[in-house]
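Report on one structure; see the data block that follows.
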Amino acid sequence: MHINLIAKREVKVGFRNPWSYSFMALFSLFSLGLLIIQSQSYMEGYTYTTGTMLNLILYLLPLMTMLLSSFSLTAEKEEGNWQLLSTYALTTSSFLTGKYVGQALVLIAIVCFGYGISGVAGLVLGKSFAVSTLLFLLVFSICLILLFLGIAMVIGALCRNRWQALTMGVSIWFFYILAWPTLLISVLSFVPYTWIKPLLQIVTFFNPAEFVRIYSVTRLGGGAIFGPEYYKWIYWMDSALGDVCFVALCLLWVGATLWIAARAWERR
Amino acid sequence: MKNAFFPTSSTKPACRKSLPVLIKSLRFLPRFIARLSHPQKKRDCYPECSWQPSLQKSSRALITKGESTLTRTRKNQIAFRLLLTSSLALALILPAAYPAQAEASLQALIDQAAPGDTVTIPEGKYEGPIRITKPLKLLAQGKVRLTNPSEEAALTIAADDVTLQGITVLDSRINSDDASIIVSGNRNLLEKVTVETMGTGIQLRGANANTLRNVSVIGKVKDRGSTSAGHDHSAHLSKSASKPKVTVQAQKGNGIDLYDSHDNHLIDNQVTNVFDGIYLEKSTGNELTQNRVEKSRYGYHLMGTTQTSLKNNTGIENVTGAMLMETANATVVGNRFLKQQQNPNSQGILLYDVKNSLLADNRIEGNRVGLYLERSSGITVTGNRLSLNFVGMQLTASTGNTWTNNQFISNVIAAQAQNSETDNLNGNYWDNLLGLDVDGDHKSDLPYEMNPFYLGLTDAIPAYQLFFQSPGFVFLENLFTSGTGSPIRDETPLMPTANVVSAESQTNSNWGAAILGLILLAGSCTFIYVGVKKS
C-alpha cells in the first residue's frame, strides 16, 4: 500500500519536474533523428542503421535515466522530505520500490511520448518506421530504463546531493558505456589467455548496457557476428529459454540493485 | 528346410529381387555343387561321424565295412542334395523371372541397345545399379524412378556422348564413397535429372566437357542433432546383420562433385541441403552458370582450380556462398549471395590464396561477412553491390588487388582490413562516408579509411568479438584511427549520386506505425496529465 502511495506521489512530482520535460523534448528530438536515419536505409534485421540506432539509444537513455532518477532520490534528502516520511511507519524498501515504480512510469511515459511523436511524424513526412521496428526500439528502451533505474537508485542512496549524484551518474555512464571495452581489454591483458572468454562472459552480466545490446543484436538475427566463440551462447539466447532467462536476469538485476540501494539508504 | 541346406546368405533376398542379384547369387551354385561332390572335406560336420570312436578299437574288416556303409549313405545324400539343389534353383529362378521382366529390364534395355541408339525408358520404377558403357541416348518417358538397393552407385556412366534425360534417382545408401550418379566419360549430357540422396549426388571423375543442365540434387540427410550415435565400425556390422537397424549417423555428401574434370558446363542446376553444393577440385575450365545452392555448407567450393567461371549463380542460406581456395584465374560475375549469416563462420564469398581473378557485378546481401579475402592477390573487384551485411568486406594479408566502383550500402561495418596493402582502391561508394566534394567531380576529396583495429584485436583474441559495434568499442576504434593513415583507404570515394540514393531509399507511409505512435502519444499525454493533476 505504501509502495502505491509513494509511486503515485513520485509520478506527480516527476511530472512537475521541469527536468522531465527537458528530457522529453530531447528524447523526442532524438527519436525524430532516428526516424530520419532509418528512412535513408533498410531496417530489417541487423544493419548499419539498426546498429547505429541501438548505439545512439545506448548513449542517451542510460544517462538520462540515471540523472533524472538519482536526482529525484537526492532531492528527498536535500529537501527534507525523507525526514518527514520517516515519521510514518514506512520501510526503506517499500519507499525505494515506490520511488522505482514511479520513476519507471515517468521515464516510460517520456520514451513513449518520444516514439509516439516520431511514429506520427513518420506518416506526415512519408518516411515511417515499420511497426516492428518501433516496437523493438520501445522494448529495447524500456529494458534499458528499468535496468539503469536500479543503478540510479543505488546512486541516489549513496549520494548526499545532486552534485554528487551528477558526478557519480556521469562516471558510471562513462564506465559502462564508453570505457567498458577499453578497460576490459586492458585489464584482461593481465590474465591468462584461457581466462579471457569466461571472464568476459561473466563480467558482461554486470553491465546491463552490454547484455541488453547483445541480446537485442541476437534477436535481430545478428548473433553470428560475435563469432564462433559465442556460438552456443548465442544459439541458446535465441531460443525461448533465452527469453525467459533474459527476463529473469533483468528481474535479478533490478532486485539486486534495489536491495543494495535499500542497504545503502539505511546506512545513511 | 531349403535355406538350411543352402548356405549362401544372399539367396533369400534374391527370390524377390531382380536379375542381377539373382545372377550374383547363382555364382555360388558351382561352388556348392563342387562341395557336394567332395563331401569328405567337410566330414566332421556330418551326423554319421559318430562312428569314429568305434573305428579306433576295431579290426580292418570293420573299417572296410564301415567305409562301405559310409559310401552308401553318401551316395544317398548326394542324390538327395542334387534333387534339392535343382528344386531350389527352380524355386529361385521362377519367381525371380516374372518381376525381372518388368523392373530389371533397364540394364537389359541398355545392354541390348547398340551404340548410338536412342533408348526410351517407359514410365515406372527401376532398380539400380545401372551401368552405361556405350554412347546412348536415354530418354525417360513420364516418371522414371530409379531406386538403388545395392551398395554401388545407382547409375554409372563410363562412356562418352551419353545423353540422360528426365530420370529421378532415389538413393538411400549412407556414408558411401560413391555418389548416386558417377560420370567418368566425356561429352555426356545429363538433363532434367533429379537425385535424392543420402550422400553425394553426382560425381564427375576424370570426366571432361560434360554438360549438366537442370539437374537437381536434394540432400535427404537431416541436420545433425546433439546425439551423434554410431561410427564406422557399427556401420560395418550393420551391413552383415540380416536386418540392419540404421543407427549410424549419415554424413552429408556434396551435391555435384568434380575431381580432375575439365571444361564441363553446369547450367541451371539446383542443389539443396548437402555438404558442398558444387565442389570442384583439381579441375580446369569449368563453367557454372545460373545454378542455385541452398541450405548447404559451402555453395560453390573451388579447391585448386583454374579458369573456372561462375556466372549468374545464386547461393542462399549456406554457411558460405562461394569458397574459392588455392584457385587462379577464376571469373565470378553476376552472382547473388544472400543471407549467409546464421553460422558464426559465414561469408558471402571467401577467397583464400586466390590469384588473378575477377569478381564483378555480384550482389552480396545480408551475409555475416560479405566478401572475405585472405592471402589473395591480383584480384579485381569491381561493380559489386555489398549491402546489409554485418561486415561488408574483410581483408587479411592481401596485396595488389584492385577495387573500383563497388557499392557498400547499409552494412553494419562497411569494411575492415588488416595487414593488407592495395595498389588500387578507388571510386567505391561507401554509404557511411563523411565525404566532401569541393571540386564537384562527384568524388570525395576526403579519403575513406578502413579500420584495422577490430580485426587486429579479434585476430589475437577472438573473445573480443563480443564487443562488435559496442558503443564503447566504436569510441575506442575512433581514438585509434584518428590521425594514423591506414594503408587501406579509398582515395577517391564516390559521393552519393542520384541513382545510388534512389536505389536505397524505400520510403513508405506506414499507417500501422502512425497508429501505434498515436496510441503511445495519447497514452503518455493522458498519463502525464492524470499524474500531474492527481493530488
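Glycine residues also receive a Cβ, built from the backbone N, Cα and C atoms like all the rest.
Summarising the annotation, TrEMBL assigns transmembrane segment to A:21-37 (among others).
The feature transmembrane segment is assigned by TrEMBL to A:57-75 (among others). Among residues of the same chain six or more beyond the transmembrane segment (A:57-75), those with a C-beta under 8 A of the stretch's C-beta atoms are 10, 13-14, 17, 19-20, 23, 26-27, 30, 34, 81, 99, 103, 106-107, 111, 137, 140-141, 144-145, 148-149, 151-153, 155-157, 159-162, 164-166, 168-170, 172-173, 176-177, 208-209, 213.
Residues annotated as transmembrane segment in TrEMBL: A:104-125 (among others). Beyond the transmembrane segment (A:104-125), the same-chain residues lying 6 or more positions past its ends with a Cβ under 8 Å from any Cβ of the stretch are 7, 10-11, 14-15, 20, 23-24, 27-28, 30-32, 34-35, 39, 61, 64-65, 68-69, 134, 137-138, 141-142, 145-146, 149.
The transmembrane segment annotation in TrEMBL covers A:131-158 (among others).
Feature annotation from TrEMBL assigns transmembrane segment to A:170-196 (among others). Listed by sequence, the residues of this chain that lie at least six past the ends of the transmembrane segment (A:170-196) yet keep a Cβ under 8 A from its Cβ atoms are 58-59, 62-63, 66-67, 151, 155, 203, 207-210.
A Cβ distance under 8 Å defines the sequence-distant neighbours of the transmembrane segment (A:240-262), meaning residues of its chain 6+ beyond its ends; these are 92-93, 96-97, 100, 143, 146-147, 149-151, 153-154, 156-157, 205, 208, 211, 215, 218. According to TrEMBL, the feature transmembrane segment maps to A:240-262 (among others).
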Long-range environment of the transmembrane segment (A:131-158) - Cβ separation under 8 angstroms, sequence gap at least 6: 34, 38, 43, 50, 53-54, 57-58, 61-62, 65-74, 96, 99-100, 103-104, 107-108, 111-112, 115, 118-119, 164-165, 168-169, 172, 208-209, 212, 216, 219-220, 250, 253-254, 256-258, 260-262, 264-265, 268
